[in-house]
Amino acid sequence: MSGLIQELQWRGLIHTIMPGTEEQLGKEMTTGYCGFDPTADSLHVGSLVPIILLMHMQRHGHKPIALVGGATGMIGDPTGKSAERNLLDEETLDKFIKGIHGQLERFLDFDESKPNAAVMVNNYDWMKEFSFIDFARTVGKHITVNYMMAKDSVKSRLGADSTVGMSFTEFTYQLIQGYDFLHLYKTMGAKLQFGGSDQWGNITTGTELIRRVEQGEGFAFTCPLTTKADGTKFGKSEGGENVWLDSNRTSPYKFYQFWLNQSDDDSEKYIKIYTFLNQNEIEELVQKHKTEPHLRQLQKRLAEELTILVHGKEELDNAIKASEVLFGKSTTEDLKSLNSNTFLAVFEGVPQAIISKEELNSGINIIDVLSEKSGFLTSKSEARRELKSNAISVNKEKVGEEFNLTTNDLLSEKYVLLQKGKKNYFILIIE
Ligand SMILES: N[C@@H](Cc1ccc(O)cc1)C(=O)O
C-alpha cells in the first residue's frame with residue numbers, strides 16, 4: 001500500500017505533491033484518477049507517463065480510475081494553449097473516445113473480483129444531463145471568478161501580451177474538470193487526482209470544490225512533463241511526426257526505433273520513468289552502459305520494455321527482426337516475415353518505382369529490371385557489370401545476369417527489394 005510515492009520519487013515522477021497525499025496513500029487503499037481528453041483517435045507517447053502512473057497505483061494496491069473526457073473533450077483544455085481551439089464535432093469525438101478507451105483498457109487490470117480493480121469512466125455520462133442553470137447554481141456558486149482567473153491557464157490569456165483572449169467556453173474548462181473530481185469523490189470515493197505538471201491548476205479547482213461542497217479533502221500530485229537533454233520536444237520521431245500508441249499510425253518497428261534512438265543521458269532518465277525495472281536492475285544496467293556505451297544496452301532495454309508494454313512480445317520480436325533487415329544481418333526469410341506496414345517503415349525514404357503486374361506475369365530479366373524498368377541503375381551495361389561482380393541482390397539473395405523476376409518474388413504480394421552492395425536499396429512496387 002505505502003511506498004508508492006517513494007517509488008515515484010526515485011523514478012523522477014513527482015513534480016508537485018499536495019501535503020498529506022503520501023500519508024493518505026500509506027493509510028488505506030486509495031482510489032485515484034487521471035483523465036485523458038479525446039483529442040485524436042489514439043494516444044501518443046506523451047500519455048504514457050499518466051498511464052504508467054495508473055499502473056504503479058494499481059501495483060501498490062490502490063484503485064485506479066482512468067477517465068476518458070467525453071465532456072471535457074467537447075470544450076478543450078486551454079492549459080498550455082495560447083489560442084482558442086476549434087470545437088470537435090460529435091461524430092469525430094465519438095471515434096476518438098472509442099479509440100482511446102480501447103487503448104487504455106490494455107494497461108490495467110479490470111478483474112472485478114479484486115478490490116483494487118481498475119475502472120474506466122467517461123465524464124460525458126454525468127455531464128450530459130447537467131443543465132446550464134443547474135451547473136451555474138450548484139457548481140459555479142462555490143468558486144469565484146477571481147479564483148479562476150488566478151490560474152496560469154487563464155492568466156496567460158488575459159495578459160496584455162495575449163491578443164487572442166479566451167472564450168467563456170474555455171474559461172469554464174477548469175470547473176468541469178473540477179466537478180469531475182467532486183463527482184468521483186462523492187460517487188466512487190476517489191480522493192486522489194494526478195496528471196502532468198500543467199494540470200495542477202485544474203486539479204486544485206477540484207480539491208477546492210471538494211473542500212467547499214463536501215467539507216472533504218482531496219489529494220493530488222503531478223509529474224514532470226518529459227523533456228530531452230538537447231532541448232528538442234519529446235515524442236516526435238526522427239522525421240518529426242508524433243509517435244502514437246496505435247500500431248496503424250506508428251508501426252511497432254518505428255515505435256521501437258524511437259526509443260532505441262534516445263541519447264545516453266535521456267535513456268538513463270527514461271529507463272526509470274518508463275519501465276518497471278527496479279532500482280537495482282536499473283543501477284546495474286546504467287553501470288554496464290557506462291563501461292560499454294557503444295552497445296547501447298540502456299536504449300535497447302528501454303525500447304524492448306516499451307514495445308512489449310504497448311504492442312506485446314510478438315510485435316517486439318518483429319520489430320527487432322525488422323531492425324536487423326536494414327543492417328544486413330538478415331535472410332530472405334526474415335524479409336518475407338515482415339508485414340507490409342513494417343516493410344514500408346523499415347525502407348522509408350528508399351527510392352521506388354512502379355511496375356505493372358501484367359508485365360511481371362511473364363517474367364522480366366534482371367538487367368531490364370535494374371535499368372530501364374526501375375531507373376535504379378543508369379544503363380544496361382552498368383547493370384551487367386554489377387551483376388557480374390556479384391553486387392546485386394533481390395530480396396536479400398544474390399542474383400546473376402540470367403535471373404528473371406516473376407510474381408513469385410513478391411514480398412507482401414506487392415514489393416520487391418533490390419540492393420546494390422551493402423547499403424543501396426531500391427523498392428519496386430507492383431500494382
Ligand atoms: N485536462 C486533462 C484531461 C482531463 C479531463 C477531465 C478530468 O476530470 C481530468 C483530466 C488534459 O487535458 O490532459
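Here the Cβ of each residue, glycine as well, is placed from N, Cα and C on the backbone.
If you look up TrEMBL, you'll see Tyr33, Tyr173, Gln177 marked as L-tyrosine binding site. Annotated motif ''HIGH' region' per TrEMBL: 38-47, in sequence order. Under the heading motif ''KMSKS' region', TrEMBL lists 233-237. Residues or ranges marked as ATP binding site in TrEMBL: Lys236. As annotated by TrEMBL, domain 'Tyrosine--tRNA ligase SYY-like C-terminal' applies to 346-427.
Less than 6 Å separates the Cβ from ligand 1 in the case of none of the binding-site residues Tyr33, Tyr173, Lys236. Under DSSP, the residues of the motif ''HIGH' region' (38-47) split into helix, strand and coil as follows: 3 helix, 1 strand, 6 coil. If you average pLDDT over the motif ''HIGH' region' (38-47) in this model, you get 95.
In the three-state DSSP classification, Gln177 (L-tyrosine binding site) falls within a helix.
Using a 10 Å Cβ-Cβ cutoff, Gln177 (L-tyrosine binding site) registers 28 neighbours.
Counting residues per DSSP class in helix, strand and coil order gives 26 helix, 24 strand, 32 coil for the domain 'Tyrosine--tRNA ligase SYY-like C-terminal' (346-427). Geometry remark: Tyr173 (L-tyrosine binding site) versus the residue listed as 'ATP binding site', CA distance 28 Å. Taking the Cβ of the residue listed as 'ATP binding site' as reference, residues of its chain lying under 8 Å away and at least six apart in sequence are, in sequence order, Asn242, Val243.
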